[in-house]
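Following: one structure in structure tokens, then a few remarks.
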Amino acid sequence: MTLLPGDNSHYDYSALSCASDTSFHPAFFPQRQAIKGVFYRRAQRLRPQDDLHQSCSLGDRRRQIIINVGGIKYSLPWTTLDEFPLTRLGQLKACTNFDDILSVCDDYDVTCNEFFFDRNPGAFGTILTFLRAGKLRLLREMCALSFQEELLYWGIAEDHLDGCCKRRYLQKIEEFAEMMEREEEEEPLDSEDQESEGPSASEGRLSRCMRRLRDMVERPHSGLPGKVFACLSVLFVTVTAVNLSVSTLPSLREEEEQGQCSQMCHNVFIVESVCVGWFSLEFLLRFIQAPSKFAFLRSPLTLIDLVAILPYYVTLLVDGAASSRRKPSTGNSYLDKVGLVLRVLRALRILYVMRLARHSLGLQTLGLTARRCTREFGLLLLFLCVAIALFAPLLYVIENEMADSPEFTSIPACYWWAVITMTTVGYGDMVPRSTPGQVVALSSILSGILLMAFPVTSIFHTFSRSYLELKQEQERVLIRRAQYLIKTKSQLSGMSQDSDILFGSASSDTRDNN
């Protein structure tokens, strides 16, 4: 049967009869070199059924190199490696003897000129793509840390990664570095726990006390003392927040301004003193059990504790100095001068609420997300600033030209209106009256919704990932702690069994002698 043309062409298709496979006319399929073939000649993967001994002639050895990575073989021309002389594969060309070859690869087959590398073949696929195409990309299913080790082994710089892959690669490396820092902070604690069972009785007693103190202060899940200590800390933070709110009542403020102190004011001061005393004791205990005092003082939560505790003592010192300098003729002039400073210092007591981050996984996740999403927060702020700078002057000009009674007196006032409008708060203190002004307001509202939605997605994914990481880390610490306790109990039980055997044999010998 002859194929019939469907496009009214006059080409003779009779030679393409299906009766035989040998009827293909060479004129219909002209021989030409494919562009893809030229591109992929730089490197190719060999199939298992390929006969390597047929291509192991002397001429092929001079032109081709066979790489065996984890059991998968690749064929590369030597000219491909000339472009990458500093890589591990490029160093093979400079090898002059068998020892030099083995210093670069793991094994070498002289008969087939085959170099063996005991490495991950999946990662080498991306390396091979870089050698033949000049594009280095990180596959989604590949571990970034393993890929970093492969890059170091093959001698390829990370700068060759494409932009999108490099961003994801560096993010994973940064997250791993943060996890290693947290594990290094916990490693001295675990090592001290293991060293606390030393042979010296005095050192063992001191180490045991420090370990129990550390468990109570830093590890709420370690036992009953840690849970009680954490509950007391949260309770005192709550009492401090309530006490700060009560101290701002109008009646107490009037008494404070008049220099008087009623029973309620005295009770508020006593509650505040007790809470500050507890926080000071907690800070002292944390400082005593810290393995590195300098690292403890540099931590953000420690700085928050200092900023929250010191205003109380500074206020006491200032009040004492004011009472000593006060004269009957001057009244409260000195207190009037430092009154603003005292009010600011007392307002810093609200930072006690940040202490809840020690016991809340959610607050820790929030802080870690804010540290990781600084770029996204910067973009959000930039978007809002550009939009505010655009809509505020435009609304000011429109309202002052077209509205009968304009409410926008200046461009800075329009800035405030733009911030409230774009964040969809809408106080309603300033409202555009003209129709063009209302159109500008609608545009600013829609722009604010869209601009805030762009970075929020990335921030949400970062928050979810950070929460999972911290939760897994917390579970890992609990498992490590449980394993340590099980190991300790097994050692103690073994020692008790040995002592029973020892003393039991001694008592039996005594009975035999008797």
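Placed from the backbone N, Cα and C atoms, the Cβ positions cover glycine too.
Database features, via Swiss-Prot:
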COMPBIAS  180-196  compositional bias 'Acidic residues'
INTRAMEM  412-423  intramembrane segment
INTRAMEM  424-431  intramembrane segment
REGION    180-205  region 'Disordered'
MOTIF     424-429  motif 'Selectivity filter'
TOPO_DOM  1-224  topological domain 'Cytoplasmic'
TOPO_DOM  247-267  topological domain 'Extracellular'
TOPO_DOM  290-300  topological domain 'Cytoplasmic'
TOPO_DOM  322-338  topological domain 'Extracellular'
TOPO_DOM  360-374  topological domain 'Cytoplasmic'
TOPO_DOM  397-411  topological domain 'Extracellular'
TOPO_DOM  432-438  topological domain 'Extracellular'
TOPO_DOM  468-514  topological domain 'Cytoplasmic'
TRANSMEM  225-246  transmembrane segment
TRANSMEM  268-289  transmembrane segment
TRANSMEM  301-321  transmembrane segment
TRANSMEM  339-359  transmembrane segment
TRANSMEM  375-396  transmembrane segment
TRANSMEM  439-467  transmembrane segment
> If you average pLDDT over the topological domain 'Cytoplasmic' (290-300), what do you get?
Replying inline: 83
>> DSSP-wise, what's the residue breakdown of the topological domain 'Cytoplasmic' (290-300) into helix, strand and coil?
In response: 7 helix, 0 strand, 4 coil
>> For the topological domain 'Extracellular' (432-438), give me same-chain residues lying six or more residues beyond its boundaries with a C-beta closer than 8 angstroms to one of its C-beta atoms, as numbers and ranges.
In response: 395, 398-399, 402-408
> Who are the long-range neighbours of the topological domain 'Cytoplasmic' (360-374) in its own chain, taking Cβ under 8 Å and residues 6 or more past its ends?
Replying inline: 300, 354, 455, 458-459, 462-463, 466-467, 470-471, 474
>> Cβ under 8 Å, sequence separation of at least 6 from the ends of the topological domain 'Extracellular' (397-411): give me the contacting residues as numbers and ranges.
In response: 417, 430-434, 436-437, 440
> If you run through the topological domain 'Extracellular' (432-438) with DSSP, how many residues end up as helix, strand and coil?
Replying inline: 4 helix, 0 strand, 3 coil
